[in-house]
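**Q** Below is the structure I would like to discuss, written out as structure tokens.
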Amino acid sequence: MVILGIDPGSRITGFGVIKVQDNKIYYVASGCIQITEITTPKRLKQIADGITQIINIYAPTEAAIEQIFMFQNPMGAIKLGQARGVAMCTLAINNLEVSEYSAKQIKQAVVGTGGAAKSQVQHMVQSLLGLSKKPPEDAADALAIAICHYHSSKSLAKISGASRVSQKRIK
């Protein structure tokens, strides 16, 4: 399984790719799509093009993205929503199922507490993936999203397996 995590942003969109094999997580790639265009349509196209390029290079089988969170600034929320929508649409166009996780869920899965600081997320991502240095914040967040997705999908598989067993016992 190859998982693509996306940390959407209107100025920087982070991405992280991990591979899971034999219940072990391996680092594949991470980075940031730097948004340099001025107009909103061109900025959104730049996000879509960047994600498409990542999909073409790394061929993920699953994708995950951070849910939108509360913003003090309404315009900031709108811009983030646009970036997130373009990212989700690009993933869907490329036939990837998209799972969504809150910042609290992601931090809980990676650090063990939903109130973790960004530096703690970076440190744990570095440790879990055996990286020689801490990844940049946006890339670390995207890798954390991918790791959270793996842990969540593993838990869901156990739960669905348990329900099949219990259904057999009832019959």
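Glycine is no exception: its Cβ is also placed from the backbone N, Cα and C atoms.
Keep in mind the model is a prediction, meaning the values are calculated, not measured.
The annotation active site is assigned in Swiss-Prot to Asp7, Glu66, Asp138. Among the features that Swiss-Prot reports, Mg(2+) 1 binding site is placed at Asp7, Asp138. Summarising the annotation, Swiss-Prot assigns Mg(2+) 2 binding site to Glu66 and lists sequence analysis as the type of evidence.
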**Q** Roughly how many Å lie between the Cα atoms of Asp138 (active site) and Asp7 (active site), rounded to a whole value?
**A** 6
**Q** Would you kindly give the Cα-Cα distance separating Asp7 (active site) and Glu66 (active site), rounded to the nearest Å?
**A** 6
**Q** Please determine which of the active-site residues listed here (Asp7, Asp138) has the lowest count of neighbouring CB atoms within 10 Å.
**A** Asp138
**Q** Note down the number of other Cβ atoms within 10 Å of the Cβ of Glu66 (active site), including every protein chain shown.
**A** 25
